Amino acid sequence: MAAGDGDVKLSTLGSGGESGGDGSPGGAGATAARSSWVAALLATGGEMLLNVALVALVLLGAYRLWVRWGRRGLCSGPGAGEESPAATLPRMKKRDFSLEQLRQYDGARTPRILLAVNGKVFDVTKGSKFYGPAGPYGIFAGRDASRGLATFCLDKDALRDEYDDLSDLNAVQMESVREWEMQFKEKYDYVGRLLKPGEEPSEYTDEEDTKDHSKQD
């Protein structure tokens, strides 16, 4: 009985196929339905392709505008269209700093921003969006950033009010300090040393100052 039922179904399908092949009304209807389905699919696919193309054109236009104008605004920070502090300030002559002198250059009391790493003082004014009063690393402005960079700490606990000789840092942390020092040397102007208590500042000639700046350029 099951086999018979199966035979009926198979024969019925076969008959339908033959009728379709003979051009019977059932076959014509199936063909028309298939044609309609294909046409609808093509229409939908074409519409989707058109929408994708339009979106791609809009994104391309937006990207070109960003490349031309967005980067400029991003680099200039909040004062878009205005010169950055680094652009308006003359290059700082090389000199040495005590902790008290260094603290004056925090970006708030003066537009110039300095910080120290491993006994070296760097002018980071051109990175004011990072080291300025509102920047994510503004806590280091006008301070010795060595301990904070070595311990990855952005809290006031990483700052010392007195000279920090870093003697309690381990070998890995000191290596990190030296790596940070090298990175700052590559990116920012080295403007002098951070003086230890009682240490006298060095006198730098114009020739030494020019030579150091030439190396950095």
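The backbone N, Cα and C atoms fix where each Cβ goes, and this holds for glycine too.
As annotated by Swiss-Prot, compositional bias 'Acidic residues' applies to 200-209. Using DSSP to sort the residues of the compositional bias 'Acidic residues' (200-209) gives these counts of helix, strand and coil: 4 helix, 0 strand, 6 coil.
As annotated by Swiss-Prot, domain 'Cytochrome b5 heme-binding' applies to 96-195.
The O-linked glycosylation site feature in Swiss-Prot is assigned to Ser15.
Look at Swiss-Prot and you will find Ser84 (among others) tagged as phosphoserine, backed by similarity to another entry.
Annotation source Swiss-Prot lists phosphoserine at Ser98 (among others). Its Cβ taken as reference, Ser98 (phosphoserine) is surrounded by 14 other Cβ atoms within 10 Å in the chains shown.
According to Swiss-Prot, the feature phosphoserine maps to Ser202 (among others). Listed in sequence order, the residues of the same chain lying 6 or more apart from Ser202 (phosphoserine) and placing their CB within less than 8 Å of its CB are Asp96, Gly192, Arg193.
Among the features that Swiss-Prot reports, phosphotyrosine is placed at Tyr204.
The phosphothreonine annotation in Swiss-Prot covers Thr205.
Feature annotation from Swiss-Prot assigns region 'Disordered' to 196-217.
Feature annotation from Swiss-Prot assigns transmembrane segment to 40-62.
Per-site Cβ counts within 10 Å over the modified residues Tyr204, Thr205 peak at Tyr204.
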